[in-house]
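According to Swiss-Prot:
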{"type": "COILED", "residues": "584-620", "note": "coiled coil"}
{"type": "CARBOHYD", "residues": "Asn288", "note": "N-linked glycosylation site"}
{"type": "INTRAMEM", "residues": "299-319", "note": "intramembrane segment"}
{"type": "REGION", "residues": "369-381", "note": "region 'Interaction with CALM'"}
{"type": "REGION", "residues": "514-528", "note": "region 'Interaction with CALM'"}
{"type": "REGION", "residues": "534-571", "note": "region 'Interaction with KCNE1 C-terminus'"}
{"type": "REGION", "residues": "588-619", "note": "region 'C-terminal assembly domain (tetramerization)'"}
{"type": "TOPO_DOM", "residues": "1-119", "note": "topological domain 'Cytoplasmic'"}
{"type": "TOPO_DOM", "residues": "142-152", "note": "topological domain 'Extracellular'"}
{"type": "TOPO_DOM", "residues": "176-191", "note": "topological domain 'Cytoplasmic'"}
{"type": "TOPO_DOM", "residues": "218-225", "note": "topological domain 'Extracellular'"}
{"type": "TOPO_DOM", "residues": "242-259", "note": "topological domain 'Cytoplasmic'"}
{"type": "TOPO_DOM", "residues": "283-298", "note": "topological domain 'Extracellular'"}
{"type": "TOPO_DOM", "residues": "348-668", "note": "topological domain 'Cytoplasmic'"}
Amino acid sequence: MDTASSPPSAERKRAGWSRLLGARRGSAVVKKCPFSLELAEGGPEGSTVYAPIAPTGAPGLAPPMSTPVSPAPAPADLGPRPRVSLDPRVSIYSARRPLLARTHIQGRVYNFLERPTGWKCFVYHFTVFLIVLVCLIFSVLSTIEQYAALATGTLFWMEIVLVVFFGTEYVVRLWSAGCRSKYVGIWGRLRFARKPISIIDLIVVVASMVVLCVGSKGQVFATSAIRGIRFLQILRMLHVDRQGGTWRLLGSVVFIHRQELITTLYIGFLGLIFSSYFVYLAEKDAVNESGRIEFGSYADALWWGVVTVTTIGYGDKVPQTWVGKTIASCFSVFAISFFALPAGILGSGFALKVQQKQRQKHFNRQIPAAASLIQTAWRCYAAENPDSATWKIYVRKPARSHTLLSPSPKPKKSVMVKKKKFKLDKDNGMSPGEKMFNVPHITYDPPEDRRPDHFSIDGYDSSVRKSPTLLEVSTPHFLRTNSFAEDLDLEGETLLTPITHVSQLRDHHRATIKVIRRMQYFVAKKKFQQARKPYDVRDVIEQYSQGHLNLMVRIKELQRRLDQSIGKPSLFIPISEKSKDRGSNTIGARLNRVEDKVTQLDQRLVIITDMLHQLLSMQQGGPTCNSRSQVVASNEGGSINPELFLPSNSLPTYEQLTVPQTGPDEGS
């Protein structure tokens with residue numbers, strides 16, 4: 001990755017061509033050195049240390065200036081300044097292969113021995129388990145007379161091999177533990193050796209060496225040595241489970257169900273004590289057929305109680321009297337039921353633990369998918385930001401190819417580079433599906449007008465001779481072809497210049513990046529949705545029940561809001577209407593009643609309007625003549641006085657058209 005002190009693009013390209021031409025004139029290849037601080041590897045002593053490496057020029061040429069700590073503008077005649085970059089182990093944008101260090105080897109060995117993952121670790125640890133098991137079988141066979149001679153001789157050599165193997169493994173474990181910070185140094189190694197499993201390994205190795213050195217006579221063991229070997233074989237079986245996963249699982253189950261276990265054990269213990277005591281009282285004077293008293297002490301009664309309630313039933317002690325048999329039968333049914341409960345509790349606890357682990361695994365699959373979704377969503381959002389930090393990850397410098405400037409190339413070197421790159425991706429745990437999220441490199445063709453006049457491909461071919469597919473070009477200039485396939489074929493020939501600064505990004509580059517980010521977002525969203533799918537029928541049922549519960553809660557909330565906004569029927573409907581029709585409380589019935597009320601109000605308004613019109617007509621003129629003229633006019637079909645009518649949206653009523661006429665006497 002280029003820093004802010006990198007020269008502009010034009011100067012950088014001129015510097016690159018000048019280095020190539022300088023190598024041709026000096027008949028030597030100039031090693032490109034863009035770093036001012038680099039990891040100096042492959043030294044005289046083979047050591048790898050951080051040291052400033054100054055760029056070296058060709059013979060006869062002045063070396064270019066090294067980048068100072070405080071960069072200052074360099075004169076134009078002193079040549080281009082070298083670019084400054086960080087070591088690949090420091091920069092997160094570097095594409096170089098990580099260097100294998102001592103701590104890296106320690107870490108891999110430590111993970112292989114202490115944190116086994118993968119089929120290789122499984123094969124190794126399973127083989128060790130089989131060897132220990134075979135050795136234990138031979139130790140058992142040595143106790144049988146007909147196999148004692150063969151088993152003892154074979155066991156002698158197997159013990160020697162196992163002692164050497166476990167001793168070497170213990171030393172390697174102690175050495176590899178230094179990769180962790182808490183086990184660094186002498187005190188850290190002592191802390192690692194104080195672990196319980198490490199103490200057991202040390203005891204087994206030392207005791208086995210003592211037994212082999214002291215207890216053996218030639219190629220056979222002494223009797224005491226064989227007894228010691230048997231005990232060490234039992235301890236060696238603990239070596240199989242170094243992580244203690246079995247004990248942690250058992251401890252977690254017991255801790256989770258501790259209340260139930262304590263309750264059942266307490267009640268069962270009380271039943272054992274009471275049953276033993278009452279049987280002792282009933283059978284302490286009873287004599288069996290042989291004339292002995294079987295329950296002569298309370299200890300004999302406790303032994304009988306333990307054998308009975310644990311359903312073993314040796315039958316060495318049996319109640320003789322009917323009182324004792326009755327007490328024993330009653331307490332046995334009660335106590336056995338409580339002594340059998342811990343097995344069921346532990347079994348259900350293990351089943352729940354397995355189910356919990358399965359759920360945790362399913363949930364852990366969602367974490368990378370969610371992280372990818374968040375990352376792609378943020379990148380889609382950041383694509384609209386004009387800040388340079390948004391686009392900086394797309395302008396990183398690609399991996400350096402040492403084959404381009406090699407004076408004597410080897411045909412198989414490119415194949416080896418590909419194999420190393422594939423191995424690196426495999427070591428990093430990168431799957432083909434995850435490679436789609438890698439940041440691509442953006443390149444562009446150098447403009448024609450910025451190329452020096454003295455540059456030619458012929459001079460390039462005379463200095464650096466490569467395979468025809470890399471540097472031999474038929475055309476004299478770097479021209480982009482018409483098809484995308486030809487661009488891919490000539491990618492190595494055209495030597496596209498990588499974009500090394502954000503300012504070199506164009507609009508089509510940014511648009512392409514936005515499209516790629518949007519596609520990555522949709523892919524990540526689909527993967528996250530697939531990871532969110534339930535993996536068991538119980539989860540589906542639980543999901544449906546939870547959805548039904550949420551739906552009922554929302555319906556109740558909606559009903560509450562409707563009652564709050566419209567009101568409950570009991571607040572505005574009289575009791576008489578409730579008793580008449582139970583179905584009138586619906587929304588349709590309520591709307592019908594509202595329409596009826598509006599119609600009644602309209603009729604009453606019509607009547608009131610008619611009465612007002614009549615009063616106005618009587619006040620404006622003579623009521624007799626006006627009334628007569630109005631009626632006559634209406635009977636003759638002439639124009640009718642508009643004051644007798646309602647507004648234009650209603651028709652006159654029968655009472656308006658037939659106004660009662662009064663005589664002259666009534667008018668006076």
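Positions of Cβ are set from backbone N, Cα and C atoms, glycine also.
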### Query
What residues in the same chain, six or more past the boundaries of the topological domain 'Extracellular' (283-298), come closer than 8 Å to it by Cβ-Cβ distance?
276-277, 304, 317-321, 324
### Query
Near the residue listed as 'N-linked glycosylation site', which residues of its own chain have a C-beta under 8 A away, given they sit six or more steps off in sequence?
Glu294, Val318, Gln320
### Query
Quick one: mean pLDDT on the topological domain 'Cytoplasmic' (1-119)?
49
### Summary
Other same-chain positions with a Cβ less than 8 Å from the topological domain 'Cytoplasmic' (242-259) and lying at least 6 residues past its termini are 114-115, 197, 345-346, 348-350, 353
### Query
Which numbers of helix, strand and coil residues does DSSP report for the topological domain 'Cytoplasmic' (242-259)?
14 helix, 0 strand, 4 coil
